[in-house]
Amino acid sequence: MSHSDSTVKKDKDDDECIRVKTVKSSKSRNGEEDVQEENGVLFWVNKSGFPIDNKTWERMWDHVAKIHPDSFDMVRKVRNSGDLPQIPFQAPPINFQSSTPVSERIEKVQNYMRNLQYNHTGTQFYEVRKNRPISGLMDLAREMIKESLPIKCLEAIILGIFLTNGMLGVERFPISFKSVFNGNVHRHVVLGIYYSGRWGTIGMSRREELMYKPLVFKSLADLMFDYEKSYNLFYHEVKKMKIGLPAPHDPHSYEFINWKTLTLTPGKQNKKEMTKDLEHMAKEIRLKAKSYSTHQCQSPRKTYSTAEFPYHESNTQRSIREANKVYRSQTSINAESLKKFISTNESADYQLRI
């Protein structure tokens, strides 16, 4: 048992998600960091994937016993119970009617994440690496839907991007917060949403006021100042607010999420200065919109290959396709003839495509 294991302390006044920022770390036998800690608040990260291996599973229960008031009595009661309720699988909101308003779609995505519930176990079930490309993070989002386990704020960002892919005109961008309460630093992140001149957010937190904001704010500044008020309700002083650029809608993109373009420091800037910076940032978000710039704005619903697409060709189109097939078979070149042709034309400044 490492030193950090024996000094686990849970802050009961921890009002929002503690995002990963390594201060101290404990390494497993294979050299990878499995546990991360900040200001005495420690949580494990599941690096074994699914199904969860026995080591990670037992470590989770051991950590729960340390942070729960009833300690191992609660753990034994739960693990030895034979009549625990079956947790239903949460169906993701991916099949919307074309007439469904975007604001209603966004709210359903938020309700889906609420139904997954916030993860209080002290073990993050999914390893989120912020430097992975969009394609890799979307694979992780599919795994979240498949496993249907509780999530934390950073995981909610990835899931929110996946579930809003393909919504035309909807821009998604990360918003990060750094706050101080009772001398402890807390970090939180939500997914900003822009659509048709209105701003809002989706995400996960222990506090409702620090995650979902409906699409009703007329400016980005109004949204951010509302968050600052929400933090003040829980006696948190906001030190920094960071805003990134819109994320691509293509789930196969190799682009990376831009996590930080603008940084605001409320303690050092007045409201007028912050409003000016936020107005400029809002223009950047609209200027670098991603929902219109991709040829394939695919939603998380099933995508079809050419062979699977439900397309009915006409008799004329079928005849042309069959004729092309016959033509290609009659004009094909065997490998030996092609090799001989290329060897006698090595100096040619053109290429033969097959």
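Cβ coordinates come from backbone N, Cα and C, glycine included.
Record features, source TrEMBL:
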COMPBIAS  1-12  compositional bias 'Basic and acidic residues'
REGION    1-33  region 'Disordered'
ACT_SITE  C153  active site
ACT_SITE  H188  active site
ACT_SITE  S205  active site
Rounded to a whole angstrom, what is the C-alpha distance between C153 (active site) and H188 (active site)?
7
Can you grab the distance from H188 (active site) over to S205 (active site)? Cα atoms, rounded to a whole Å.
8
Counting Cβ atoms within 10 Å across all protein chains shown, which of the active-site residues C153, H188, S205 comes out on top?
H188
